[in-house]
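Asker: My questions all concern the structure below.
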Amino acid sequence: MKKLWKNCHIATMQDGQYSSIEDAGMVTLGQHIHWIGAFKDLPADAYSETIDLNGAWVTPGLIDCHTHSVFGGNRSVEFEKRLQGVSYAEIAASGGGIASTVRATREASEEQLLASALKRIRCLLKDGVTTIEIKSGYGLDYANERKMLRVIRQITDTLPMTVRSTCLAAHALPPEYKDQSDAYIEHICNEMLPKLHQEGLVDAVDAFCEYLAFSPAQVERLFKTAQSLNLPIKLHAEQLSSLGGSSLAARYQALSADHLEFMTEDDVKAMAAAGTVAVLLPGAFYFLRETQFPPLESLHQHGVRIALSSDLNPGTSPALSLRLMMNMGSTLFRLTPEQTLAGVTTHAAHALGLQATHGTLEVGKVADFIAWEIEHPSEIVYWLGGDLPKRIIQHGQEISI
Ligand code: NIG
Ligand code: FE
């Protein structure tokens, strides 16, 4: 069943650039791209359907490669406190922060977690996101991490999106292991992770490497277990302080290291050499009113791929629009709109290990694309919020939004 999509311009995002084809056409066959090019070069063929895109700009479906979008409750009261001058670290130290979301998540049923997550993720889908990564990390024991990961798997069955699940059991210390962080890491490595993986619930492993979470030595212990299970790794690193987590991640060939405000030039070089993607999270930077910028110039200079993501979570980035994050990536981090768009397409695909199938529009790749009613691709980054008119195509099928 070949479908012809005509009367459009296409930003393929190959090589991290718009790589525009004006007056273009695309042919999809089932879930994949069969042909793409200038319309005048369209080979003569028979099509089961022809879809007129009315001069839209077509981009790959957006990829949100770092979210914590499954959680119980929310932390708006904490937000108020922070605005009165209490810091994120102080709130965490006094039993709030991640710990309060852990309590709410443990109390919630699978059904409740799924229902609240779907509301948030639908916002991202409507904004043009067709692939999303979702982390566990608010359960912090076997039963509750499993509950979160099961909910993440159910999202794949409910929404027309590709969903990758990441086990972030090493997000914070659960109350049961107070002052015993080494023992908790051992528990994750010996019990939780192997079991959760065996149940088919885990696509990657992540940890929070930070002075208020886990040390590089503890993270390394976890990475060794992930490696022995053949699971790809990612890391929250250098968000609040410089511990060399991003260099450690690079040494273990991590898919990505994320946040990175406090990374050093040596970290950048290590990531460049390993091909580890830098995932920047402007929503968390903005929401925590951070002043330390990730080293953009150095990342560019050493050729590190830069992805952008919403980090959707209740504490540091309650972000329901990836386009708004793209705007922040440009205004706060001075990425060009083209670099920003590459950051939520091709580079984000690399951050999830999905580059063979997702992230650019090329023959053989999955036909996930957005047809935007705009004059130029930079408009996707330019508008602040709102609902930009678009058509969303996932796996070769237009979805109604
Ligand atoms: O990516 N840094 C750690 N994890 C999240 C925050 C989680 C939370 O505060 O609930 C982040 O910013
Ligand atoms: Fe995060």
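Heads up, the Cβ atoms here are built off N, Cα and C, so glycines get one too.
Summarising the annotation, TrEMBL assigns Fe(3+) binding site to HIS66, HIS68, HIS236, ASP311. According to TrEMBL, the feature Zn(2+) binding site maps to HIS66, HIS68, HIS236, ASP311. Per TrEMBL, 4-imidazolone-5-propanoate binding site is recorded for ARG75, TYR138, HIS171, GLN239, THR316. Under the heading N-formimidoyl-L-glutamate binding site, TrEMBL lists TYR138, ASN313, GLY315. What TrEMBL lists as domain 'Amidohydrolase-related' is 57-376.
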Asker: May I ask which of the binding-site residues HIS66, ARG75, TYR138, ASP311, ASN313 have a CB within less than 6 Å of any atom of ligand 1, listed in sequence order?
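Answerer: Those binding-site residues that pass the cut-off, since their Cβ is under 6 Å from ligand 1, are ASP311, ASN313.
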Asker: Just give me the nearest neighbour of GLY315 (N-formimidoyl-L-glutamate binding site) among the binding-site residues HIS66, HIS68, ARG75, HIS171, HIS236, Cα to Cα.
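Answerer: Checked the binding-site residues HIS66, HIS68, ARG75, HIS171, HIS236; minimum Cα distance to GLY315 (N-formimidoyl-L-glutamate binding site) goes to ARG75.
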Asker: Given the binding-site residues HIS66, HIS68, HIS236, which one's Cα is the least distant from that of THR316 (4-imidazolone-5-propanoate binding site)?
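Answerer: That would be HIS68, the closest of HIS66, HIS68, HIS236 to THR316 (4-imidazolone-5-propanoate binding site).
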Asker: Quick one: Cα separation, ASN313 (N-formimidoyl-L-glutamate binding site) versus HIS68 (Fe(3+) binding site), in Å?
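Answerer: Approximately 5 Å lies between the Cα of ASN313 (N-formimidoyl-L-glutamate binding site) and that of HIS68 (Fe(3+) binding site).
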Asker: When the Cα-Cα distance from HIS236 (Fe(3+) binding site) is computed for each of the binding-site residues ARG75, TYR138, HIS171, which gives the smallest value?
Answerer: HIS171
Asker: Using the Cβ centroid of HIS66, HIS68, HIS236, ASP311 as the reference point for the Zn(2+) site, which residues of the same chain not in that list have Cβ within 8 Å?
Answerer: THR67, LYS135, ASP206, ASP258, HIS259, LEU281, ALA284, SER309, LEU312, ASN313, SER317
Asker: If one measures from the C-alpha of GLN239 (4-imidazolone-5-propanoate binding site) to the C-alpha of ASP311 (Fe(3+) binding site), what distance in angstrom results, rounded to a whole number?
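Answerer: Here the two Cα atoms are 12 Å apart.
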